[in-house]
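Per TrEMBL, the features are:
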- 67-87: transmembrane segment (TRANSMEM)
- 136-157: transmembrane segment (TRANSMEM)
- 178-200: transmembrane segment (TRANSMEM)
- 254-275: transmembrane segment (TRANSMEM)
- 287-305: transmembrane segment (TRANSMEM)
- 376-401: transmembrane segment (TRANSMEM)
- 422-442: transmembrane segment (TRANSMEM)
- 488-510: transmembrane segment (TRANSMEM)
- 531-554: transmembrane segment (TRANSMEM)
Amino acid sequence: MATNAFLLIASFLLVLMLLAKPLGHFIAYLIDGDMPRAISKSESVFWRLSGIKQIGRDLPEMNYRQYAIAIFMFNLLGFGLLFVILLCQGSLPLNPQHYPGMSWDLAFNTAISFVANTNWQSYSGENTLSYLSQMVGLTVQNFLSAATGIAVVFALIRAFSRHGSKTIGNAWVDLARITLYLLLPLSIVLALFFVSQGVIQNFSPYILSSNLDSSSQLLPMGPVASQEAIKLLGTNGGGFFGANSSHPFENPTALSNFVQMLAIFLIPTALCFAFGRTVSDSKQGHALLWAMAIIFVIAAAVVIHEEYVGNPFLGELHATSTANLEGKENRFGTLGSALYAVVTTAASCGAVNSMHDSYTALGGMVPMWLMQIGEVVFGGVGSGLYGMLLFVLLAVFLAGLMIGRTPEYLGKKIEVREMKMVALAILVTPTLVLLGTTISLMTEAGRAGILNPGAHGFSEVLYAFSSAANNNGSAFAGLSSNTPYYNVMLALAMFFGRFGVIFPVLAIAGSMAVKKPQAASLAALPTHGPLFIGLLIMTVLLIGALTFVPALALGPIAEHLQIWLAA
């Protein structure tokens, strides 16, 4: 087991780095705006069709307030359009199964979920949504929500690389270029690969199939591959089917499973390389990658170990294997399922190829904890890097306090205004998680959705709000969440968890762009060496431990002790 796990993780990270580095260099060109002449000419056609006379660099740049307003209004419009599509689905075309529109609370939850890049699903797609809703509604938002996160981190990266600037870029240019030149080309290539592996892509009505035992089965159809590609590349995670990537029509082979994991981490990893290249110090990006990779490997090792150790009661029954196989597909096995669970929760993706609710107590706790620390271990596209940079600023501030110097990062002083925004951004999601969990346990409507007793039932509620507030979207599926209470509460957690972090990040970007770099001193702490990487990791772990260990002790830790003490 240990050898196979080591080889899988090592090969995964090796292939990931080989793919991400050249992509990161291309992303750096997008950040700088230095587009090749041929692309600039084709781009001018797009702007003219949009009714905009200026093109590319001729569009005026925005300060952080203008950028934030543009991002928010763009997403608000997306929410409104998706909400209407979901409500009116029954009257719209491309609905071969004649599904009615969603209820208002489910449509509200789903619209916010996909706009916020969370993709929490309180429904099963093949039983609820038409092809039009899947394509024009959800898939479009998969592109736009991913572009939003990347645009925000573009603005923050520019802020660190600029000196004495009041602007951080143009939101409309960033959103357009990210979608046209990054997300669309990668999605087309990945969708074609998925089709080659057996992922379906059609507009056929559902097929009534006759089985060998003379029974019949209704096989769902649909344009799956095109949605599957951006679901992974954009760290969206919402599946075409209720079973998500455990469904053979979404993830048919071991090879497609490996490529799906690569796709989830590809852009977050490439953004670290792009960050180093843009600030003219590649070691800074490498330091962030080292910190992310170390936490990721430790988390993966723990989950794989716990799932192979499995249930102690199986040993008492003299089973040939005590490995926890419940909720896992045989074609992926324990190893492929456990690694996928760590990848999807580390990256705020939320796609699943196994049922996290069926994991062992500690095996399920680690994915939950990866979400709770803010989805900064690679993280979502854009959001993972700007989340980790918040911890970088906090670590620099703590180091400055310890050595008695004004904290600096990339030569720019970190002052009171920046630290207020860092504190606000870091604290907003834990507040949403703990407050939402508390209210749910105190109210009858919240307790009504809990199907499992004791510590595991508590874990299901804690996992739901951890997933929603940190924009992940995966679930402990034992919670009955398709109720007006949970649809509204989780939607609010997703909304404030998304924009409650984006606004402080853009405020930091506006502040840092104005600052001019100071001359480096010998007493300054290098932010690219092993010492700082260790400090950064400890900062992330410390914040997570202080905030969530009491809650985890009531859920998965208590459940683990109950099982092993009873065995």
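Our numbering is plain: 1 for the first residue shown, then up by one each step along the chain.
Just so you know, glycine gets a Cβ as well, placed from its N, Cα and C.
Note that the coordinates shown come from a computational prediction; the quantities given were computed from them, not determined experimentally.
Counting residues 6+ beyond its ends, the transmembrane segment (376-401) has Cβ neighbours under 8 Å at 117, 146, 148-154, 156, 233-235, 265, 267-269, 271-272, 275, 288, 291-292, 295-296, 299, 346-349, 370, 407-409, 414, 418-419, 422, 425-426, 471, 501, 505, 508, 525, 527, 532, 535-536, 539-540, 543 in the same chain.
Stretch with the largest number of CB pairs closer than 8 A to the transmembrane segment (531-554), among 136-157, 178-200, 254-275, 287-305, 488-510: 287-305. The transmembrane segment (136-157) makes no contact with the transmembrane segment (287-305), as judged by fewer than three Cβ pairs under 8 Å among residues 6 or more apart in sequence.
The stretch with the most CB contacts under 8 Å to the transmembrane segment (254-275), chosen from 178-200, 287-305, 488-510, is 178-200.
Within the chain carrying the transmembrane segment (488-510), a Cβ under 8 angstroms from the stretch's Cβ atoms is held by residues 63-65, 67-68, 71-72, 75, 105, 108-109, 112-113, 116-118, 120, 122, 148, 152, 155-156, 158-159, 166, 168, 383, 386-387, 390, 393, 417-418, 421-422, 424-425, 428-429, 432-433, 436, 439-440, 446, 464-465, 468-471, 481, all 6 or more beyond its ends. Sequence-distant neighbours of the transmembrane segment (178-200) (same chain, 6+ residues past either end, Cβ-Cβ under 8 Å): 26-27, 30, 35, 39, 43, 46, 143-144, 146-147, 150-151, 154, 221-222, 224-226, 228-230, 232-234, 248-253, 255-256, 259, 263, 266-267.
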